[in-house]
Structures are given as C-alpha cells and as structure tokens.
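Chemist: Structure incoming, see below.
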Amino acid sequence: MATLLRSKLSNVATSVSNKSQAKMSGMFARMGFQAATDEEAVGFAHCDDLDMEHRQGLQMDILKSDSGEEGAEPPLEGDIHYQRDGTGPPLPSAAKEADGCPELSGQGKPKITAWEAGWNVTNAIQGMFVLGLPYAILHGGYLGLFLIIFAAVVCCYTGKILIACLYEENEDGEIVRVRDSYVDIANACCAPRFPTLGGRIVNVAQIIELVMTCILYVVVSGNLMYNSFPNLPVSQKSWSIIATAVLLPCAFLKNLKAVSKFSLLCTLAHFVINILVIAYCLSRARDWAWDKVKFYIDVKKFPISIGIIVFSYTSQIFLPSLEGNMQNPKEFHCMMNWTHIAACILKGLFALVAYLTWADETKEVITDNLPATIRAVVNIFLVAKALLSYPLPFFAAVEVLERSLFQDGNRAFFPNCYGGDGRLKSWGLTLRCALVVFTLLMAIYVPHFALLMGLTGSLTGAGLCFLLPSLFHLKLLWRKLLWHHVFFDVAIFVIGGICSVSGFIHSLEGLIEAFRTNTED
C-alpha cells in the first residue's frame with residue numbers, strides 16, 4: 001500500500017512539473033521563441049548567433065515521457081532538445097499536456113506575430129559583424145554606401161522569392177505550402193535525377209559558413225583583447241589561444257540550454273555598444289572628414305568590402321522556418337520591407353559616421369579606434385559576447401556533420417559516433433575537440449577579421465543570399481513569372497556571381513599572403 005501511495009505521489013509530482021515546464025515553454029512561445037525543421041538546424045546560427053532564439057524564433061520543447069503510463073520514467077533534468085516547427089518525434093504525453101497548455105496542442109501550435117518575426121530578422125542582420133562595415137567604407141567610399149543599400153534591396157527581394165519557392169498551386173487552383181526549408185527547395189530543383197544533391201550543396205555551404213563564423217569569433221576575441229591591453233606582454237595569437245581554451249568545453253555540449261539563457265542579455269549589450277560608438281562619433285562631428293569620402297574605389301580591396309557587406313545581411317537560411325511560424329504569413333513581405341529598410345538606414349549611418357570620425361585610420365573592428373579609456377570596457381563586453389556566441393554555430397555545425405556523416409542510416413560515411421545508450425563515443429568527442437582546435441589554427445595563421453569576413457560573405461553569403469534563391473526561383477516557377485521577375489532574377493544571378501567570384505579571389509589572395517607572412521614569422 002505504501003509503495004502504491006509513493007508511486008501515485010511521484011506520478012502527480014511529475015505531472016505537475018511537466019505542466020509547469022509546458023507553461024514556461026508556452027510563455028517563451030508567446031514571446032517569439034519558435035522553431036524550424038531539422039533540415040534547417042544550421043541556418044539559425046550564422047547571423048549574430050547568441051541571440052538565436054530571438055532572431056529565428058526557436059522554441060525549446062521539453063522531451064518527456066508519459067507519466068500516466070505504467071513503468072514510465074520521469075524526464076531527466078535538463079533533457080531539452082531544440083525541435084523545429086513541432087516536427088520532432090511525437091511525444092506520448094503531448095495530448096495530455098495540451099490540456100494544461102493549449103499552445104502545445106496540435107491545433108494551437110504557438111505562432112509569432114509579424115513584429116516578433118521582424119525582431120528575429122532585425123537581430124539576424126544587425127549582429128556584431130556590423131562593426132566591420134566602416135572598414136568597407138574605407139575602401140569603397142560612396143560606392144560602399146550604395147552597396148549597403150543595394151545589398152539590402154537584393155536580400156529583401158531574394159528572401160521573398162525564396163519563400164515563393166515553398167508554395168505551389170494545387171488541383172483546385174489554391175496556393176499551398178509544399179516545402180518547409182531551404183534544403184527542401186534545393187532538393188526539389190535537383191529532382192528527379194539528383195533528388196538529394198541540392199540539399200547536400202546547401203548543407204555544405206551552411207557548414208562552411210558556420211565554421212568560418214566560429215573562426216571569426218576567435219579572431220575578433222584575440223584582436224579585441226590585444227588592442228584593449230597593448231601594454232601587456234601577450235600577443236594576439238596568445239589571446240586567441242586563451243579564448244580557445246575557454247571555448248574547449250563546447251566539445252562536450254549536449255544541448256544549448258545553459259548558453260541560451262544569455263541570449264537576450266547579449267542582444268541588449270550589443271545594441272548598447274552600437275549606441276556608445278555612435279554617440280562618441282557624434283561628439284566629434286565638428287572634426288568629421290567629409291573630404292575623405294571619395295567616389296573612387298580601391299580596386300584590390302573593394303571586392304573584399306563586398307563580401308563584408310553581404311555577410312552582414314545574410315538571413316535567408318532561416319526565413320522558410322520563420323515564415324512558417326508566423327500567425328499571418330501574408331504579412332511576411334511587409335515585415336521583410338520594414339526590417340531591411342531599417343537595417344539599411346542603421347548600417348549606412350553607423351558605417352558613415354564611424355568612417356567620418358576616423359577616416360583613413362579606420363580599423364577592421366571599429367571599436368579598436370575608440371580612446372583607451374572606454375575601448376577596454378567596450379571590447380571586453382564584445383569579447384564576452386563573441387565567446388558566448390561561439391557555441392551556437394559550433395553546435396549547429398557539429399549536428400549537421402554528425403547527421404550527414406555518422407547518422408544518415410545506410411548512407412552514412414562512417415559508423416555512428418553515439419553508443420547504444422546515447423552517449424558520445426570517445427573518438428566522436430575527439431573529432432569535436434579537433435574542430436575547436438581547427439578554428440584556433442585558422443585564427444592564429446590568418447588573424448584578419450576583414451579578410452575572413454569578406455571570404456565568407458563572397459563564398460557562402462553570396463551563394464545563399466544571391467545566387468541560389470534567384471536560380472531556384474527561375475527553376476521552380478519560371479512558367480508563372482512575369483518578364484520583370486525573370487529580368488531581376490537573371491540580373492541578380494549575374495551580378496551576384498561576378499561579385500562573389502571577384503570577392504572570393506581577392507579575399508583568398510589576401511589570406512594566402514597573410515598565411516605566408518605568419519608562417520615565416
């Protein structure tokens with residue numbers, strides 16, 4: 001009798017705990033924490049990564065057992081998974097907990113408003129890499145400012161046509177959503193001959209971009225610390241090693257529960273830093289060097305600036321998920337318009353006033369130009385943000401690599417890196433550590449923030465934001481397109497291809513030269 005009573009009490013306690021957790025999840029959902037499909041796991045991390053939940057609307061769904069079933073075990077503490085758009089494995093207790101939290105029921109799946117979606121996109125394209133835009137103006141002048149506007153217009157347009165590729169007309173003439181992610185669109189374009197080729201190309205581009213983002217965080221951490229404390233006998237390489245030592249525990253990550261708690265704080269801190277920089281620049285408005293802003297460009301370095309600007313606008317990879325989680329998807333176009341207009345204005349003003357303040361002395365990371373009295377404080381906050389942002393792209397890259405190389409059923413290239421009990425095998429952990437060390441080696445031998453950012457923007461940024469959306473739009477919907485849509489798509493593909501190749505070649509040349517210099521030293 002006592003055993004039965006204890007069992008009943010345990011079940012009641014577990015049920016109350018699960019309902020409480022479900023209500024918390026519902027509360028997060030109402031704040032805009034939504035999610036996407038598993039295919040898009042990587043897309044959410046590349047833009048300013050630590051504020052992932054706010055930018056991409058991730059919702060943390062708690063994995064739990066049915067407490068009402070005999071022999072069921074209570075959920076383990078901290079057993080949290082990122083499920084995308086509610087498409088994860090069905091939970092036995094989902095129906096029961098939907099009674100306690102309507103937002104989690106199948107009919108009342110939590111949705112986000114256009115304002116919440118706009119907040120997500122704004123954070124995606126207003127990340128800490130905006131700090132490199134004044135350096136782009138240094139080598140591009142007024143043409144650099146025009147490119148900031150042009151990139152905003154093009155990225156807004158390609159975001160819309162990418163969403164259009166998710167829909168098709170059914171037999172009744174109704175427009176219905178038949179795809180869920182960027183990968184689905186890519187696979188549809190390559191079907192039937194190569195039904196998975198497009199998805200693999202998109203995944204490779206995502207992995208490259210995520211790993212390069214991790215490298216950029218290590219580079220910027222070393223750069224900021226070195227310029228904050230120039231009198232200390234510690235080189236930039238040594239600061240990068242110290243930063244990587246702090247980041248090594250990322251190899252042991254099972255989920256992002258602990259890291260995600262800092263997302264909103266880091267987002268607010270970043271906005272405060274931008275305001276501080278602009279306020280300082282405005283205080284020196286009398287000394288602005290308008291005569292330094294030219295119409296001519298540095299032919300050798302301007303293509304790198306193109307990559308920097310494009311990289312700061314990349315958000316297409318998570319847009320399909322975001323649109324699918326909106327309460328009214330018809331508001332998506334309007335949301336894209338005002339978010340990119342706002343981003344264009346803010347980025348243009350930030351880049352211009354910062355360049356006018358320091359002119360030819362503008363550095364790769366603009367905070368390095370601040371006076372020593374405030375530079376150290378601002379840079380320490382930025383380093384903290386960079387280190388806390390690193391786990392998100394790292395974890396996303398690891399998930400894609402593990403899924404495609406080790407967990408893809410019979411198509412996997414290597415044995416499963418997880419044991420039967422779900423624990424990561426020792427050699428799997430070694431590979432994760434090797435990925436962390438790889439980001440360190442790249443940061444040591446190529447410690448150039450602008451070059452790496454330009455290379456990434458020219459290679460994967462231009463591909464995912466310019467080339468692929470226009471190509472997919474032409475391939476899937478060409479019969480229904482008006483002539484001006486065809487013209488825009490072709491023009492974007494050609495211009496994007498030229499800019500991508502040019503920026504990639506010049507960035508790669510600069511990286512090779514920097515690598516040789518660092519090797520000789």
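Backbone N, Cα and C atoms are what each Cβ position is placed from, and that goes for glycine too.
TrEMBL lists these features:
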type	residues	note
REGION	66-105	region 'Disordered'
DOMAIN	111-507	domain 'Amino acid transporter transmembrane'
TRANSMEM	143-167	transmembrane segment
TRANSMEM	207-226	transmembrane segment
TRANSMEM	262-282	transmembrane segment
TRANSMEM	302-322	transmembrane segment
TRANSMEM	334-356	transmembrane segment
TRANSMEM	376-401	transmembrane segment
TRANSMEM	429-446	transmembrane segment
TRANSMEM	452-474	transmembrane segment
TRANSMEM	486-505	transmembrane segment
Chemist: With the transmembrane segment (143-167) as the reference, which stretch in 302-322, 334-356, 452-474, 486-505 has the largest tally of C-beta pairs below 8 Å?
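Modeler: Most Cβ pairs under 8 Å with the transmembrane segment (143-167) come from 302-322.
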Chemist: Would the transmembrane segment (302-322) count as touching the transmembrane segment (429-446), i.e. at least 3 C-beta pairs under 8 angstroms with sequence separation of 6+?
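Modeler: With fewer than 3 qualifying Cβ pairs, these stretches do not touch.
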Chemist: Between the stretches 207-226, 334-356, 452-474, 486-505, which one has more Cβ pairs under 8 Å with the transmembrane segment (302-322) than any other?
Modeler: 452-474
Chemist: Counting only residues 6+ away from its ends, which parts of the chain sit with a Cβ under 8 Å from the transmembrane segment (486-505)?
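Modeler: For the transmembrane segment (486-505), the sequence-distant neighbours (Cβ-Cβ under 8 Å, at least 6 residues beyond its ends) are 154, 157-158, 161, 303-304, 306-307, 310, 454-455, 457-459, 462-463, 465-467, 470-471, 473-474, 478.
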Chemist: Taking residues 6+ outside the transmembrane segment (452-474), which of them lie with a CB under 8 Å of any CB in it?
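Modeler: For the transmembrane segment (452-474), the sequence-distant neighbours (Cβ-Cβ under 8 Å, at least 6 residues beyond its ends) are 129, 132, 154-155, 158-159, 161-162, 164-165, 182, 185-186, 189, 202, 205-206, 208-209, 212-213, 215-216, 219, 303-317, 442, 446, 481, 485-486, 488-490, 492-493, 495-497, 499-504, 506-508, 510-511.
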